[in-house]
């Protein structure tokens, strides 16, 4: 209240004229307050210029957050023209006029109608004027004044975040920055200490501290270890009024996480590990796992394993499982129980990411001893070589031994071994093997020219346990011997002109040999001794594996001899010498003066058009087959045009119709009326053919029915005549069935169908009177009667 007294002193000191105070009907505060009067005067502005003061004459001050039940009194307006007779009226306009602020138009008293909040609006600007009540004319110029809201401490500090999250490395030094928290106060920072915030720590000591003015949180304890505690929750308080008693406060939570550093070396939980591995374990197969524990996490816990010492340094290996950080022991080389059954290794575990700041804690590695016991297993036999290569001459006799394979049981028991040949690799059974000693021998003749290499597989299995077996490839090369005679490189058929001269070359010969010659083939050509002197041709060996045929005489006559067959003997120079006799066909042909063949009395060797005789024959055969196909196709088309329109099974005409009805036997009397087929009157001649469209329609005519004609021949003749003269009959042959049996036979029916119905005996003696054709029946039935009598 001391502030308001000073105000009134300053206010009245700045007023050059007398102010009139009008008492209010009600007071708005519970403590005495001097009346604030704003004088409206035409000389007030001039007086203010004359008065040299440092304060504003036209301001009102009002406290925020008024809690009284009545309107809050602001101040009073008064004009020096007001005589007190009610002729003047005071008018208020501006911010909140008429709503938030009201004025008594008679007295000029200003009041606030509701509680004000400086944080919402700290200053209100209003205008006041005094007017004549009767004329409405202003008696004073309009004056502007300000109502300022004084602040009170009604807002507590608010943090920018409800929860803060921060992290720092473990083992940090004291005073390491963690995070800064910030709180703001909505109160007026220029008025008192309402907005002055001070920070303090409520929870989190002695690990952390906070600076009271800046809100910076720092570490307060040395060597905080993440492995002991990883999460911390710190509660920070922000209090206004400079932290004094009665100030408002707010709190926030800071979650602090200690991040990991590599401050823990790996450690094996035990000093010795035991593993067992069968000697049959394949290479690169795992046999066990070991793990060193590291209290750190992520990359700080990554471990690299290695074998540093031991007698199995080159037999085993170790790798790191990146997911589990375990060391996986593997086999690098094949184990052999019989050679060594125990290996001792020293395995070391080392951190891959070492922090130099913590080297003082000790070496970041550890070692352990690993003992590996090799277990004995029943192993298959082992061959002395991974593969065998053998050679054999192609002329060796059957059952000749060409080589031996050796396999032994590597186990200590040394079980006996049995050998065999995998027949899938020797389908022709060319080779065999002695099951006891492994010697391979031939079982069929060999031919190098047919197959040079034989690749077979030999199986060695334990006699006591045949499942224990192993295989080895055997490559057998067949060596060549001179067992093939040389022969012509091609079939030679040449010609000689009738007008040829003597010693004229007509053909050059060459030869080949299926055998292999290491020094090269050397062939010799000659004529057989018996034909050399009488032959019409001579042979000259060129000594380069070729020979030439020359004419011996001047002219040849194709009418006397059209073809010559010249035998040629070819020999090689290998051991044993092989020779063969080949034949050259020489035809005598007519030639022009340049020696070009014109014709031969036999078929030409070369056709003028360049086509051989075989090709011409093939072309001729193709033409004949093509013509036959065309003729056959035309015949089928012609026959198809003559077919009837109806070709189904339901085709109805005077021909044979298949019903496929077997009937029900003798007792079936209603299934089919056969009398229709036997009655000539049932035949209807008025029906037209349905399968062929007639060219001309004729009126149907009825033919006379033969009645009671005992002669079937007459009936048939009559029918034939009717069909011959019928213009609607088909143009092709067809079978007409009339189904007429006639009037019966003098011998009556021979069927036994009706005889079974009579129980009385019948007399078949009349069969003997019918002649020799019925003699067989008479003997059969007569014999039956005699049997009955006996």
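Backbone N, Cα and C atoms are what each Cβ position is placed from, and that goes for glycine too.
As recorded in TrEMBL, the features of this protein are as follows:
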type	residues	note
COMPBIAS	269-284	compositional bias 'Polar residues'
DOMAIN	79-159	domain 'Cadherin'
DOMAIN	160-268	domain 'Cadherin'
DOMAIN	269-383	domain 'Cadherin'
DOMAIN	384-488	domain 'Cadherin'
DOMAIN	488-598	domain 'Cadherin'
REGION	261-291	region 'Disordered'
TRANSMEM	615-636	transmembrane segment
Model confidence over the domain 'Cadherin' (79-159) (mean pLDDT, whole number): 84
Residue distribution over DSSP helix, strand and coil in the domain 'Cadherin' (384-488): 0 helix, 47 strand, 58 coil
Residue counts (helix, strand, coil, in that order) that DSSP gives for the region 'Disordered' (261-291): 0 helix, 13 strand, 18 coil
Structural state census, the domain 'Cadherin' (79-159) (DSSP three-state): 0 helix, 37 strand, 44 coil
